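In what follows, a structure is listed as structure tokens, so that the remarks can point back to it.
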Amino acid sequence: MVNNNRPRRQRAQRVVVTTTQTAPVPQQNVPRNGRRRRNRTRRNRRRVRGMNMAALTRLSQPGLAFLKCAFAPPDFNTDPGKGIPDRFEGKVVSRKDVLNQSISFTAGQDTFILIAPTPGVAYWSASVPAGTFPTSATTFNPVNYPGFTSMFGTTSTSRSDQVSSFRYASMNVGIYPTSNLMQFAGSITVWKCPVKLSTVQFPVATDPATSSLVHTLVGLDGVLAVGPDNFSESFIKGVFSQSACNEPDFEFNDILEGIQTLPPANVSLGSTGQPFTMDSGAEATSGVVGWGNMDTIVIRVSAPEGAVNSAILKAWSCIEYRPNPNAMLYQFGHDSPPLDEVALQEYRTVARSLPVAVIAAQNASMWERVKSIIKSSLAAASNIPGPIGVAASGISGLSALFEGFGF
């Protein structure tokens with residue numbers, strides 16, 4: 001008989017002890033003093049940015065005013081600022097010229113408007129038969145900014161009595177159609193071309209033979225064809241365009257005296273190479289007082305037969321003059337602003353980023369576009385080594401600074 005009452009073997013209970021580690025395990029091959037050094041570097045970087053922010057707040061106001069004068073429309077800002085914040089050190093007079101004018105375009109004609117860097121002159125214009133370009137028989141005449149004679153006098157020999165030289169920060173133009181929607185027709189085309197003032201020595205048939213220096217314009221051939229980079233749109237949509245300095249430096253140009261026509265009246269057009277004539281008319285009202293380092297904006301308005309095209313033309317430019325010590329303007333001059341690398345860098349960035357032209361309706365948002373370009377550029381520039389990167393790092397984090405200057 002099997003005994004089933006034998007005691008069963010009891011299994012030993014297994015006890016599992018779990019240890020919870022509350023302290024973080026140091027990473028392998030990373031000493032603690034390395035982490036401390038890294039954290040200290042971050043704190044120092046933030047401290048340096050804070051100090052540069054304070055310095056930038058003091059020094060960048062003329063730079064921001066310079067950007068606003070160069071790119072903001074006059075209905076937003078008419079302050080000429082303190083001048084161009086580059087390495088020039090001297091007394092200057094800043095001026096923002098503005099012209100508002102109603103204009104009508106002749107039917108069956110193509111009207112050419114040149115926004116050229118000529119101080120005191122808002123634009124030059126001429127009309128040619130529809131579908132053609134200016135020829136040797138074409139003469140461009142000026143339309144002045146208000147105050148031309150107060151700045152440059154009423155004679156061709158008094159142009160430099162107040163100021164001796166000048167340089168441009170920007171030129172702007174807008175055409176805002178006012179035509180009846182049932183009567184307008186035609187188109188607007190815009191492009192730019194580099195035009196420079198040149199001095200050429202011509203022989204004079206005298207006994208004994210001699211020569212004379214004559215001022216002529218080179219680059220006007222760019223007006224005779226639509227450039228590859230251009231803007232074309234229906235007339236009723238209008239246009240807005242800007243031109244900025246694309247030279248390495250903002251160089252001053254001399255104020256010229258005794259020039260009413262280019263080429264001069266006693267020099268044949270063919271001998272100078274100019275395709276057409278620039279005539280400023282009576283010296284009591286206008287004149288050619290110089291030519292700056294800016295690309296000329298060319299606007300062609302085509303109006304077919306039967307069209308009734310009218311518009312408001314608005315032009316403005318930001319210029320810096322050097323006043324003469326014995327002139328009344330000298331008392332209104334001021335020292336050129338200190339160097340602002342950030343403002344100059346952003347000026348170049350905006351100039352490269354803007355299109356040749358936009359429709360007139362987008363002029364209202366052009367300053368917003370400029371602000372977005374500046375902000376995005378500063379965010380990218382904060383990673384650049386050197387003073388530009390350091391200053392950009394501070395300014396990109398200081399939104400109140402932008403707001404204080406209209407940004």
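FYI, residue positions are counted from 1 along the chain as it appears here.
Quick reminder: no glycine exception, Cβ is built from N, Cα and C everywhere.
Annotation comment: Swiss-Prot describes 1-47 as region 'Disordered'.
Taken from Swiss-Prot, the feature compositional bias 'Basic residues' applies to 1-12 (among others).
Annotation source Swiss-Prot lists compositional bias 'Basic residues' at 33-47 (among others).
What Swiss-Prot records for Asp75 is active site, and it gives a curator's inference as the kind of evidence.
Around Asp221 (Ca(2+) 3 binding site), a 10 Å sphere centred on its CB holds 12 further CB atoms from the protein chains shown. Residues or ranges marked as Ca(2+) 3 binding site by Swiss-Prot on the basis of a large-scale study or a structure entry: Asp161, Asp221.
For Asp161 (Ca(2+) 3 binding site), the Cβ neighbour count at a 10 Å cut-off comes to 18, with all displayed protein chains included. Residues or ranges marked as Ca(2+) 1 binding site in Swiss-Prot (evidence: a large-scale study or a structure entry): Asp161.
Annotation source Swiss-Prot lists Ca(2+) 2 binding site at Asp161, Asp221, Gly273. According to DSSP, Gly273 (Ca(2+) 2 binding site) is assigned to coil rather than to any helix or strand.
Taken from Swiss-Prot, the feature Ca(2+) 4 binding site covers Asp221, Gly273, and the record attributes it to a large-scale study or a structure entry. Counting every protein chain shown, the Cβ of Gly273 (Ca(2+) 2 binding site) has 14 other Cβ atoms within 10 Å.
Cβ neighbours of Asp249 (Ca(2+) 5 binding site) (same chain, under 8 Å, six or more residues apart in sequence): Asp86. Feature annotation from Swiss-Prot assigns Ca(2+) 5 binding site to Asp249, Glu251.
What Swiss-Prot lists as site 'Interaction with viral RNA genome' is Phe402 (among others), and the listing cites experimental evidence.
Look at Swiss-Prot and you will find Phe405 (among others) tagged as site 'Interaction with viral RNA genome', backed by experimental evidence.
Residues or ranges marked as site 'Interaction with viral RNA genome' in Swiss-Prot (evidence: experimental evidence): Phe407 (among others).
Recorded residues Gly273 (Ca(2+) 2 binding site) and Glu251 (Ca(2+) 5 binding site) have their alpha carbons 26 Å apart, per Cα-Cα distance. Summarising the environment of Glu251 (Ca(2+) 5 binding site), the number of other Cβ atoms within 10 Å of its Cβ, over all protein chains shown, is 12. DSSP classifies Asp161 (Ca(2+) 3 binding site) as coil under the three-state reduction. A helical conformation is recorded for Asp221 (Ca(2+) 3 binding site) in the three-state DSSP classification.
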